[in-house]
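Enquirer: Here it is: the structure, laid out below.
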Amino acid sequence: MSSWASFIFLFIFSFLTSFRVFAQDPTYRYHSCPNTTIFSRDSAYFSNLQTLLSFLSSPDASSSYSSGFRNDAVGTFPDRVTGLFDCRGDLPPEVCHNCVAFAVKDTLIRCPNERDVTLFYDECTLRYSNLVVTSALDPTYVYHVCPSWATFPRSSTYMTNLITLLSTLSSPSASYSTGFQNATAGKHPDRVTGLFNCRGDVSPEVCRRCVSFAVNETSTRCPIEKEVTLYYDQCTLRYSNRNILSTSNTNGGIILANSQNMTSNEQARFKDLVLTTMNQATIAAANSSKRFDARSANFTTLHSLYTLVQCTHDLTRQDCLSCLQQIINQLPTEKIGGQFIVPSCSSRFELCLFYNQSAVTTPQPQQNSAPPPPPTSIPSPRPGLNSRFPLITCLSAVSFEKFKDLLKPGFICILIKIVSENTGKGGNSSVIIIAVVVSITALLLLFVAVFSVRTKRRKKMIGAIPLLNVKRKDTEVTEPLAENGDSITTAGSLQFDFKAIVAATNNFLPINKLGQGGFGEVYKGTFPSGVQVAVKRLSKTSGQGEREFENEVVVVAKLQHRNLVRLLGYCLEGEEKILVYEFVHNKSLDYFLFDTTMKRQLDWTRRYKIIGGIARGILYLHQDSRLTIIHRDLKAGNILLDADMNPKVADFGMARIFGMDQTEANTRRVVGTYGYMAPEYAMYGQFSMKSDVYSFGVLVFEIISGMKNSSLYQMDDSVSNLVTYTWRLWSNGSQLDLVDPSFGDNYQTHDITRCIHIALLCVQEDVDDRPNMSAIVQMLTTSSIVLAVPKQPGFFFRGRHEQVGEVGSSVDRLALCSIDDASITSVAPR
């Protein structure tokens, strides 16, 4: 071992044996706060909620943090609020307290006005509601679907039959031991059919408790809807006025994904293992009388993959196979865990044990004929339900032949073992693990310092071009790219060699050209490995490109989402400035949407899916990524479609990163595309998340109609842009006239009307009236949410006979400019 290695080893060993406690923010997993019941900040409910959260997070509750659980209630009906926290059983009191305190602060950011809230972290769960939630054994709510197109009055025969049905399903004599029961009550047209299906690994008592809880919640979540599906982690409850028995249904489901990505070099192998194991489980479940299977498979020497699949018992073998195969192919296998739940079947995979292994007969982890590949560094799996899983695991054994070997997981493994032996059986494993994390960080800092010096020397020796910030050459007053001062040197992207890009694109051969914009040209490239990429080459004559180039690298390098285009790297060599993206097989949305022939490939089902995908991508930018990012140039030309017509938001050259507490910003440099710009941005340079919401609303109008917002539309002797035209149709009750004629009769009237309604809420003139993206996604996925009445949109075109109030010339000019479809780089300051 070298002297350097010896020094580092002794330093880490001393650090580990002396270090005791280190606080860190809990790891966020998921939250649920349906906005079907909300409160105002000046209400008695909010006052009671503040008191409750203060009780739950109080440092005085030391005994509760020791036990890991506390529940409480504040106020009287109807403003009574009850809540609880539940910490993971292996955590010390101080970590439990830290998680609860963090969750209490986080809840009013993630769920600012919702009454029924659950926040999940790796270390704890926080829950509160206007309902009774004082039991730690309450089932974990996941999602519900209850379309509002079929409802019943409270005093109807259907209501009586529903009460009878729910009483039967939740009775003490129900079939909880088998985990499934169906029943029917009443006669047509008031017949109601229902069923419950419990997860195959839960006990009869857990099944009974889940079904009973779900039955009680139907009156709150879906009080007057005839067709209802409630999903919980332990069971599903369904009922309808239609026959739902022995019929496969894959509509109205939800995909949940772990926030951590599988490392890129392991994604292909991990996906193959997930699909292989899931397919084996699918066959076993279809052949099982319980229509259930759970099994595991080795991923690395110290990590196993755990999978679970299930169908409702009433499905035939073939229907079960078909249902599971359909949803398995849509699982988010780029993540280290995920699930897809639909009414008739469900599937889930994790890198940690999330089901009751003792309750299922599951095959041993599969052994390959060849030894498993050497383990590589992958994200530490997050614990699932009913599991005890280490936060850090030893991944491989390594030699100390080179200094950099000290960074490999095998060295971490040795250190963990040494410290574990020193602490004895009574040692605190959580403290040890946290100490290891801190020690590794210290080691990384030393490693970076040493190799920075060595790298600089090597670059000087071989004449390599260092990574430099892209500087503007003019003296124009500019705005910062990001509030945290990020630059291209800290983006963390891979820098490509220019010669490799030239070879991949055949020296930028015109036949490989995919398109051209204000930034420059985009080419298709193929590397020797067969990997296809999209190469975006900055035009040397572009006045705006240098700034946008750096901005795009800084922003996109930090993003990972299935509905965002992925940046693979960049190239800086001489005057060449190039971005390398994943190759998206189809072109942009406008290529299909506004072409009379190509638009026929986008039926309503696909367009509805595209709307939802775009919404989820923007939600990730605004809320779910570790940064808050405002796109500022959302339009059909910046939405790419992959081989399956899934949308990917692209072109982040205009994007801005917000600070943690920042909600809006001002700029003198208005960039983007008129027609998609929100009024406050185009006129005053004020932009926020609500600016993107406005652009999203315009985009939805274009997707539904297949028409450009920049065109002019005649109606009642008036000339309108698409936004105003839609508003007039809505006001006249003829909103379906907006629908693209290429659909024919193949569309859902309710879905299209709801999408138009949501889009009108997005384009309202007052910023505060527009919903945020989280609410929009919930509106799109939960038809039971009641929508507000939309107000007049911004940039409203009035008819010649309408009264026009006095407005400034700047507003008049911008209203006319809003029909221009050109990309704008700057306008005169106002």
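Yeah, the Cβs are placed from backbone N, Cα and C, and that goes for glycine too.
Summarising the annotation, Swiss-Prot assigns active site, proton acceptor to Asp633. The ATP binding site annotation in Swiss-Prot covers Leu514, Gly515, Gln516, Gly517, Gly518, Phe519, Gly520, Glu521, Val522, Lys536. Marked as compositional bias 'Pro residues' by Swiss-Prot: 370-382. Feature annotation from Swiss-Prot assigns domain 'Gnk2-homologous 2' to 140-244; the stated evidence is sequence analysis. If you look up Swiss-Prot, you'll see 250-354 marked as domain 'Gnk2-homologous 3'. Under the heading N-linked glycosylation site, Swiss-Prot lists Asn35, Asn182, Asn216, Asn261, Asn287, Asn298, Asn356, Asn428, citing sequence analysis as support. Annotation source Swiss-Prot lists signal peptide at 1-23, citing sequence analysis. Taken from Swiss-Prot, the feature topological domain 'Cytoplasmic' covers 452-830, and the record attributes it to sequence analysis.
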Enquirer: By a 10 A CB contact count over all chains shown, which of the recorded positions listed here is most packed: Asn298, Gln516?
Expert: Asn298
Enquirer: In the domain 'Gnk2-homologous 3' (250-354), how many residues does DSSP assign to helix, to strand and to coil?
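Expert: Counts, helix then strand then coil: 36 helix, 31 strand, 38 coil.
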Enquirer: Fill in the CA-CA distance, Leu514 (ATP binding site) to Asn182 (N-linked glycosylation site), as an integer in Å.
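Expert: So the alpha carbons of Leu514 (ATP binding site) and Asn182 (N-linked glycosylation site) sit roughly 55 Å from each other.
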Enquirer: What is the separation, in Å, between the Cα atoms of Asn182 (N-linked glycosylation site) and Asn356 (N-linked glycosylation site)?
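Expert: Just about 25 Å between their Cα atoms.
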Enquirer: Of the glycosylation sites Asn216, Asn287, Asn298, which one has its Cα closest to the Cα of Gly520 (ATP binding site)?
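Expert: Closest recorded candidate to Gly520 (ATP binding site) by Cα: Asn298.
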Enquirer: Consider the recorded positions Asn261, Asn287, Asn298, Asp633 and say which one has the Cα lying nearest the Cα of Val522 (ATP binding site).
Expert: Asp633
Enquirer: Using a 10 Å radius around each Cβ and counting other Cβ atoms from all shown chains, which of the glycosylation sites Asn287, Asn356 yields the largest count?
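Expert: For the glycosylation sites Asn287, Asn356, the Cβ with the most other Cβ atoms within 10 Å is Asn356.
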Enquirer: To the nearest whole angstrom, what is the C-alpha distance linking the residue listed as 'active site, proton acceptor' and Gln516 (ATP binding site)?
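Expert: The residue listed as 'active site, proton acceptor' and Gln516 (ATP binding site) have their Cα atoms 16 Å apart.
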Enquirer: List only the single closest residue to Gln516 (ATP binding site), chosen from the glycosylation sites Asn216, Asn261, Asn287, Asn298, Asn356 by CA-CA distance.
Expert: Asn261
Enquirer: If you average the pLDDT over the topological domain 'Cytoplasmic' (452-830), what number do you get?
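Expert: Mean pLDDT for the topological domain 'Cytoplasmic' (452-830): 74.
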Enquirer: Looking only at C-alpha atoms, tell me how far Asn216 (N-linked glycosylation site) is from Asn298 (N-linked glycosylation site), rounded to the nearest Å.
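Expert: Between the Cα atoms of Asn216 (N-linked glycosylation site) and Asn298 (N-linked glycosylation site), the distance comes to 41 Å.
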Enquirer: What does DSSP call Gly520 (ATP binding site) in the simple three-state scheme?
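Expert: Strand, per DSSP.
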